[in-house]
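*Asks:* One structure follows; several queries about it will come next.
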Amino acid sequence: MPTTLRRAHVHRLPMRSPDDVAALEAAITQGTIDPAGIVAILGKTEGNGCVNDFTRAFAVRSLEALLGRHLATEAVRQIAMVMSGGTEGALSPHMIVFEAREVDEGHAPRAFAASLALGRARTPVLPSEHLGRMQQVAQVAAGVRAAMNDAGITDAGDVHYVQVKCPLLTMERIEAAEARGVRTAVRDTLKSMGFSRGASALGVAVALGELAMDELSDTEICTDYARYSERAATSGGVELLDHEIMVAGMSRDWTGPLAIDHGVMRDAIDIEPARAALARLGLDVPGQLPAAARGRIAAVLAKAEAAQSGKVRDVRHTMLDDSDVSSTRHARAFVGGALAGLFGFTDLFVSGGAEHQGPDGGGPVAIIVERT
């Protein structure tokens, strides 16, 4: 009998402003994208990426308004919309639309044994007093397992990228918690972003078997950076109270030419792991990728973080000493430039704030390629 499998499609679309959904609207009109198949939308918006970056919520509302014309309200809510603020340097604002379709493979032999697989999940609302603590780690771990199940991925070793959009604390949320007689992990709203990202990343590590729950405690979150996930990418935002999770990996139950692999940068200029991942995906070329090879790259997804040591390869950096510009903004620009030099384009999904996401000062890089 013919076999019905799922096939992933990835569309990288430009954005002229945080509310610009014209490219997505055109793709839907032309039939290139089926709204019913959208699993997740990741976007880089041109805000500051900090607590008061409302470009993320602006972009989400614009996407919801567009998709609401094609889908029921609950169907729109199920789409993971993860906006990452900050396009410092020459990083280009863009969105990446992840779509899944069912296809009938017929009786012909499959071109590839395994293909890109996508899954998503949402967690319950996280109480403010649980943010940055072990309760958040546990909640995210459960959410990642649910997203893996949605993707049909049973082996955590087949997962190459986990994107988590996590909440942060505002003074209003902190005061509401204190009015209930509880205290939050931190009272600094900007620091709360780091604690939320860090706890979420450790939740990914637990779900993927990189760490065990009994190895962790509240005191190690955002203090012991020797504990991390090599496949987590977490972004904080004011626009949600729960977690939106997308898992990307490889599965024999999916078909199509798309494949994903990842590497882990050991510091902000360590591009060789990304080059090695490209080689494993069939793009083993010296220097910057030539135009023909660039055309096969569906997405580049990376994390960036200023090293807590204050140094890059034993030479001092000033990213942590700048009182005017957050270190996450410096790191995005710096790592974005390093990766753009390798890939040859600037619409890279480089997200700042890599607490417990790769080694201190480094971070994971996932690459999705169309195989031939």
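Here the Cβ of each residue, glycine as well, is placed from N, Cα and C on the backbone.
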*Asks:* Taking Swiss-Prot at its word that ALA354, GLN357, GLY358, PRO359, GLY362 bind Mg(2+), choose the one of GLU305, GLU370 listed for that site.
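*Replies:* Of GLU305, GLU370, GLU305 joins ALA354, GLN357, GLY358, PRO359, GLY362 in the Mg(2+) site that Swiss-Prot records.
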*Asks:* Looking at the substrate binding annotation from Swiss-Prot, with ARG56, SER84, GLY85, SER235, GLY236, ARG332, SER351, GLY352 already listed, which candidate in ARG122, ARG197, ARG294 is the matching residue?
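*Replies:* Candidate in the recorded substrate site: ARG197.
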*Asks:* Mean pLDDT for the region 'RU C' (258-372), as a whole number?
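*Replies:* Within the region 'RU C' (258-372), the model's average pLDDT equals 97.
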*Asks:* Based on DSSP, name the secondary structure state of ARG56 (substrate binding site): helix, strand or coil.
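*Replies:* DSSP call for ARG56 (substrate binding site): helix.
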*Asks:* Identify, among the binding-site residues GLY85, GLY352, GLY358, PRO359, GLY362, the residue whose Cβ has the fewest other Cβ atoms within 10 Å in this structure.
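*Replies:* Each of the binding-site residues GLY85, GLY352, GLY358, PRO359, GLY362 was scored by Cβ atoms within 10 Å; lowest is PRO359.
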*Asks:* Measuring CA to CA, name the entry from the recorded positions GLY85, LYS165, SER235 that ends up nearest GLY362 (Mg(2+) binding site).
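*Replies:* Going through GLY85, LYS165, SER235 one by one, the closest to GLY362 (Mg(2+) binding site) is SER235.
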*Asks:* Rounded to a whole angstrom, what is the C-alpha distance between ARG56 (substrate binding site) and GLU305 (Mg(2+) binding site)?
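*Replies:* Their Cα atoms are separated by 20 Å.
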*Asks:* Please find which two of ARG56, SER84, GLY85, ARG197, SER235, GLY236, ARG332, SER351, GLY352 have the most distant C-alpha atoms, given that the record lists them as binding substrate, and give only that distance in angstrom, rounded to a whole number.
*Replies:* 16
*Asks:* For the recorded substrate site formed by ARG56, SER84, GLY85, ARG197, SER235, GLY236, ARG332, SER351, GLY352, name the remaining residues of the chain with Cβ within 8 Å of the site's Cβ center, in chain order.
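*Replies:* Residues close to the substrate site, other than ARG56, SER84, GLY85, ARG197, SER235, GLY236, ARG332, SER351, GLY352: GLY49, GLY86, GLY237, THR328, GLY353.
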